[in-house]
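As recorded in Swiss-Prot, the features of this protein are as follows:
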BINDING   195-202, 530-537  ATP binding site
COMPBIAS  18-31  compositional bias 'Basic and acidic residues'
COMPBIAS  50-65  compositional bias 'Polar residues'
COMPBIAS  72-84  compositional bias 'Acidic residues'
COMPBIAS  95-117  compositional bias 'Basic and acidic residues'
COMPBIAS  266-275  compositional bias 'Acidic residues'
COMPBIAS  437-446  compositional bias 'Basic and acidic residues'
DOMAIN    163-423  domain 'ABC transporter 1'
DOMAIN    496-721  domain 'ABC transporter 2'
REGION    1-117  region 'Disordered'
REGION    256-275  region 'Disordered'
REGION    427-472  region 'Disordered'
Amino acid sequence: MGKKKSDESAATTKVKPSGKDASKDSKKEKLSVSAMLAGMDQKDDKPKKGSSSRTKAAPKSTSYTDGIDLPPSDEEDDGESDEEERQKEARRKLKSEQRHLEISVTDKEQKKREAKERLALQAAESAKREAMKDDHDAFTVVIGSKTSVLEGDDMADANVKDITIESFSVSARGKELLKNASVRISHGKRYGLIGPNGMGKSTLLKLLAWRKIPVPKNIDVLLVEQEVVGDEKSALNAVVSANEELVKLREEAEALQKSSSGADGENVDGEDDDDTGEKLAELYDRLQILGSDAAEAQASKILAGLGFTKDMQVRATQSFSGGWRMRISLARALFVQPTLLLLDEPTNHLDLRAVLWLEEYLCRWKKTLVVVSHDRDFLNTVCTEIIHLHDQNLHFYRGNFDGFESGYEQRRKEMNKKFDVYDKQMKAAKRTGNRGQQEKVKDRAKFTAAKEASKSKSKGKTVDEEGPAPEAPRKWRDYSVVFHFPEPTELTPPLLQLIEVSFSYPNRPDFRLSNVDVGIDMGTRVAIVGPNGAGKSTLLNLLAGDLVPTEGEMRRSQKLRIGRYSQHFVDLLTMGETPVQYLLRLHPDQEGFSKQEAVRAKLGKFGLPSHNHLSPIAKLSGGQKARVVFTSISMSKPHILLLDEPTNHLDMQSIDALADALDEFTGGVVLVSHDSRLISRVCAEEEKSQIWVVEDGTVNFFPGTFEEYKEDLQREIKAEVDE
């Protein structure tokens, strides 16, 4: 690290702010540092069979000189007649016109093809947006023997704030997600809804928001799942306007004030001043109850907690990226304070500080909260109960995530023990060949289950007290996944260095990283922290070689292989290919009898189901695409891993698998993440770990552990929320 000179095996890139050397260096070909990106977004430029561009292409030349006006050779007859000269000139002119015509046709065809591709891309994006729209009719909810209606239970008590539905089933386009499940949501509690991806957690939130699962009419429900639509309204106004009642009362008060006096001070509508005054007083009382005087201040406080500076708060919402607009949607929900707030992965678009602020804010939430999250620390801090979606059912556990884990493990052992006894008895009954004996074993098991369920309910236990009808014991099915990165070959240090590097974007005068002096070797563990927009991803791009420093020097070993993961890489996958085709194209040198089977085995290790291996990547979920990217990184056999928000598309089991794999990996790891637990796992060894703080255009080392850095942030945030 620092200004240490590179050894002979290292490649050095020097960049000066000005001069011939800087110009010369900028023209050098930039080496790719990630094998997985080699063809990520390349297109096949070969014309397709039967395409218009091929049918109108120029005829094949018989010689490389065809169509080129050449000077006459020394052997040509100098005594050519004028007629021959004119004929020759005419032939040259005709050939030139034909060539220009061919070029013109080719240009037109190229433009047509580009226009066609643009239209196809727009159509694909439109289809994608259409597919993302929620189709209410695609979901079927059956409660007991009746199907739910969108408006909820007409007989709901106006004072009821709890939601209790027994024995309901949910299916989506024919796929059963929940079977004979029961839900119990008590007012004032904060629930964490957990389970593997694709099992129906987000669907359950949507059904509650749509009231297809009956919700008492007096309970207002708000689900935060989509970013706010960008327009000219400022971020602050967008948050305040989320309270429609407040906005309406303000408009009524303003209109009444205007109508109460004309240009001469008399009432335009002819109403008595006393009546107008009474109406205004009533409106002001209602506005005071809604906290109108402090509305903007409260909205500003929420936005600040989510990372918006004062300048950002007055910017138009249309000027923000999707991630920031998602924060505005979250701020709107927190400002409105619905009776039932539903959050689906709220931390995905937040930096670490914003996540810690949201934890502190939600811990003070007095109403009901149901949140889907794969962040263990977030669930431990915020939640008072856990709902586990497992095996098409909902299991309730008191306490936070740690409490759930201990309860879950105990439950798993008990269930497997009961199954082993039942399975042994059933096998013995089958050996007798007596079907009646088999039915007796099954009935006895059901009776025992019903007795235990009744006993648990009478004791007031929260685990499955509203459970489905008793069934015979089944083998407990756990979802598990294992990630693995191969052992890297040893390289002589230093592997990668940035020495006195500065960087700025040509079109971003407000952004600059200055005097960056960092390095990475085998075994190095780095967590990059700092607010969104400070330059964390830019720093990773500089380390990867995807950006060239404006000033300073980058050194890297010539044999260095870097594995790069970004939350946006899943969008760069070639959607028309299958995962197997994609990986074989990037990594053709596979060992074994069958290259395809070798690739499928690797995909399986990273948790991609076998039926997705040969499906187009476009049909995969975000989490499944992430698994394809991680598989590709593993196949590139990297020495250093650069990971930018790797948990956004992963469920909890996959995050744990990633943490285990990084713990075993002997190469270098540089991590940007809002997941505190993952950072703690990666930076567990203090001697090998570093915390780089990117803020105010600089990269500084935090003199302590990640836990100490986190505690400092939490103290600051608590003081802010207490104000």
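Quick reminder: no glycine exception, Cβ is built from N, Cα and C everywhere.
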| said: Counting only residues 6+ away in sequence within the same chain, which have a CB under 8 Å from the CB of ASN197 (ATP binding site)? | reply: SER621, GLY623, LEU650, ASP651, SER654
| query | What kind of secondary structure is ASN532 (ATP binding site) part of, going by DSSP in three states? | reply | coil
| task | Could you check the binding-site residues MET199, ALA534 and say which one's CB has the most other CB atoms within 10 Å? | result | ALA534
| field | Overall pLDDT for the domain 'ABC transporter 2' (496-721), taken as the rounded mean | value | 91
| field | Secondary structure at LYS201 (ATP binding site), reduced by DSSP to three states | value | helix
| query | Looking only at Cβ atoms, how many others are within 10 Å of the one on LYS201 (ATP binding site)? | reply | 23
